[in-house]
């Protein structure tokens with residue numbers, strides 16, 4: 001990405017940069033890229049995405065080349081420094097170059113030359129007018145405003161007057177607000193004095209005061225804005241309704257409710273008359289702060305002041321109820337707005353449908369979807385996406401596909417979000433080949449317009465596992481000026497986050513901000529997912545706090561991502577605290593959030609708490625799906641409460657949900673753990689009778705149950721059944737059989753099976769090695785050494801279980817001192833002991849203390865165990881050193897004025913700081 005920005009700057013120097021390619025249409029370029037088959041699927045972890053791709057990188061290139069195209073037009077060349085480049089984004093810089101190049105081409109370069117010699121207000125205004133675009137003209141001003149002396153500030157104020165006199169008041173307000181932000185609050189009085197002193201030469205009293213008030217509001221200086229409002233009152237002027245609306249919005253955002261009502265009383269007595277927009281701003285502000293009763297009261301109060309609630313008013317309240325999970329109240333407001341003669345909009349229905357889908361209530365969501373068309377409101381792409389996402393999360397892929405076909409027939413154009421929803425559904429709950437086929441169909445049929453094709457192409461590459469190519473494609477599009485939306489950036493950020501490459505995800509986010517894209521709720525959730533995936537939960541919490549403080553669109557999805565991260569790390573307390581915080585913020589958990597909570601609690605062994613959460617979920621009207629039931633059934637089975645598990649299975653059927661293969665496998669496993677093999681086989685038979693086909697997990701569970709019961713005959717019978725059903729044994733099957741043979745001391749059969757699985761192309765895993773290693777330690781020395789050599793030759797990878805079994809064998813061999821010595825060595829390298837390790841070491845310690853005489857003789861078996869222990873210790877030590885090197889603690893820092901974030905390695909930053917000192 002850094003290369004893109006560098007190539008862009010090289011183009012600047014010749015004064016030409018094509019905004020769009022001229023030889024091929026966008027869709028043709030992307031089609032050629034997307035369907036050029038890769039030589040191989042690239043590993044996303046080797047992507048050469050530069051870590052220096054912040055907007056400061058322009059400075060590095062300029063220093064290399066010794067020339068900056070823009071700097072020659074600045075009257076403050078000698079003051080140019082690194083901060084000059086951080087006030088504008090790379091995208092703004094590119095647009096400025098295009099605008100100035102056009103001026104030179106139109107023979108207006110003399111104005112630029114004159115301005116570069118002297119900061120003259122009239123020349124500055126001429127340049128900004130010739131640029132012809134408010135955004136670009138303002139960016140040019142930000143670039144050249146490098147001197148904050150009194151004379152320069154005065155000249156800038158004159159420029160603002162000239163722009164206002166030329167009917168460019170919005171641009172004048174931009175300039176004033178930027179000056180205020182740069183010189184700071186302590187000098188803001190100077191601006192007011194300069195602007196007011198001779199304003200009569202350029203603009204009227206209202207114009208200058210209104211511009212000042214809006215500028216202070218943009219700079220978020222509320223007290224200064226209120227002072228300007230007071231000055232307007234003293235001059236007998238009314239503030240504009242739109243400016244007052246902005247003031248209300250800012251006061252509500254910072255929570256200054258006293259000033260809100262004081263200002264409201266002021267405008268009621270002195271004007272301007274309250275408008276619909278003003279009431280809507282207040283209602284929205286209070287609803288966002290969680291005060292729905294106040295929002296409702298303001299809605300009813302509107303008619304008293306001659307304002308009728310409009311569709312925006314009702315939509316604000318309906319959305320507020322939906323966010324809190326009160327969809328019945330939201331539907332009540334929909335009926336109320338219709339009764340008052342206000343027609344619902346697409347947004348109204350889309351909000352309600354999305355809320356019902358989040359609750360898992362797909363039946364009611366479909367009713368609303370069909371009902372909106374009966375009243376003449378036809379669904380948009382957003383509406384279809386909301387309902388489609390609901391079907392996918394309910395794992396009803398057939399309904400999602402049918403809805404997609406309906407969407408195409410009715411001529412509603414899908415977008416990249418549609419693609420992401422469907423492909424994700426196929427990959428998670430359907431078949432990957434269906435997702436691949438969908439990608440092909442969508443791109444070949446030309447269903448997407450040019451403006452969406454770039455987003456779809458990047459999303460498609462990410463789903464196809466070609467992340468490197470997606471990054472390259474985005475790089476090329478940014479270089480060529482092809483429009484790219486936030487969806488394309490989100491696709492790459494999400495892909496990096498899923499791979500655990502959170503630093504890469506933040507780099508793409510920073511580039512996105514540079515190019516003027518505003519982060520969406522999906523952006524926030526993906527960044528948090530990247531940190532949570534790698535276990536950096538504290539950094540994720542810090543990031544979310546910063547996002548909320550900056551009014552980023554942090555929604556329940558972001559909380560759910562973090563909640564899942566806490567449970568995966570085993571931090572149940574942290575998960576509970578996060579859940580309480582979400583409810584305190586007025587964010588109602590949806591069915592997905594409850595699913596994560598129930599699953600996490602059940603896996604943590606708190607199945608009763610999970611069951612309470614289940615009841616809370618149903619009381620809120622949320623509809624549990626198979627995943628929720630399966631989580632609870634697994635929790636009850638793991639705790640030995642099979643009766644409760646079977647009750648939940650019956651409850652599933654009563655609610656119209658069909659138990660799936662996972663459900664039955666869980667119950668069969670519960671019976672097997674208790675040794676109730678007859679009931680396990682009965683469940684297996686019932687499973688087939690109900691039309692559910694057993695999978696490899698089913699057979700492995702039953703084979704394991706019979707092996708543990710030392711019933712090798714039935715274990716072999718089910719192995720035969722498995723082959724007959726078309727299933728080939730996997731590594732789990734082999735591990736079960738190996739454990740059975742080793743437990744019955746049939747070591748020769750176990751070794752034969754080990755050779756068999758290797759010949760079959762099945763890769764042994766750590767369970768295989770530990771099972772065989774445990775067997776070797778129990779065997780006679782000669783055969784044990786041969787087996788150990790075989791395992792080491794197969795690249796045996798030890799883990800905690802390996803360490804525990806070797807320590808246990810040392811203890812059983814009557815070598816407590818050796819046991820404690822190796823335990824000490826493991827603790828010195830930061831090896832994390834579990835309960836089994838502590839129990840072994842405690843037994844060894846007690847034995848040493850209570851028995852003065854114990855075996856200290858060095859035997860062949862003790863040397864053999866020491867040898868295996870050393871290999872295990874050495875591997876863990878080296879792995880730990882590598883892990884410590886790569887898992888340093890990170891902190892989030894803001895990077896520049898465009899709300900970019902960087903992950904800074906604390907270890908390296910402290911080292912750099914010491915080096916500088």
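Glycine too: its Cβ is placed from the backbone N, Cα and C atoms.
Annotated features in TrEMBL:
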REPEAT    205-239  repeat 'PPR'
REPEAT    275-309  repeat 'PPR'
REPEAT    310-344  repeat 'PPR'
REPEAT    345-379  repeat 'PPR'
REPEAT    380-414  repeat 'PPR'
REPEAT    485-519  repeat 'PPR'
REPEAT    555-589  repeat 'PPR'
REPEAT    590-624  repeat 'PPR'
REPEAT    625-659  repeat 'PPR'
REPEAT    660-694  repeat 'PPR'
REPEAT    695-729  repeat 'PPR'
REPEAT    730-764  repeat 'PPR'
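Same-chain residues lying 6+ beyond the ends of the repeat 'PPR' (730-764) with a Cβ under 8 Å from its Cβ atoms: 696, 699-700, 703-704, 707-708, 710, 712, 715, 719, 722, 771-772, 774-775, 778-779, 783, 787, 790, 794. Here the repeat 'PPR' (625-659) sits against the repeat 'PPR' (380-414); at least 3 CB pairs are under 8 Å, leaving out pairs fewer than 6 apart in sequence. Among 275-309, 310-344, 345-379, 345-379 has the largest number of CB pairs under 8 A with the repeat 'PPR' (590-624). Most Cβ pairs within less than 8 Å of the repeat 'PPR' (275-309), among stretches 205-239, 380-414, 485-519, 555-589, belong to 555-589. For the repeat 'PPR' (695-729), the list of distant contacts is 661, 664-665, 668-669, 671-673, 675, 677, 680-681, 684, 687, 736-737, 739-740, 743-744, 757, 760, 762: same-chain residues at least six beyond its ends, Cβ to Cβ under 8 Å.
For the repeat 'PPR' (275-309), the model's average pLDDT works out to 89. Long-range contacts of the repeat 'PPR' (310-344) within the same chain: residues 276, 279-280, 283-284, 287-288, 292, 295-296, 299, 302, 351-352, 354-356, 359, 361, 368, 372, 375, 377, 586-590, 620-622, each at least 6 residues beyond the stretch ends and with a Cβ under 8 Å from a Cβ of the stretch. Counting only same-chain residues 6+ beyond the ends of the repeat 'PPR' (555-589), those with a CB under 8 A from a CB of the stretch are 289-290, 323-326, 358, 521-522, 524-525, 528-529, 531-533, 535, 537, 540-541, 544, 547, 596-597, 599-601, 603-604, 606, 620.
Secondary structure by DSSP for the repeat 'PPR' (555-589): 26 helix, 0 strand, 9 coil.
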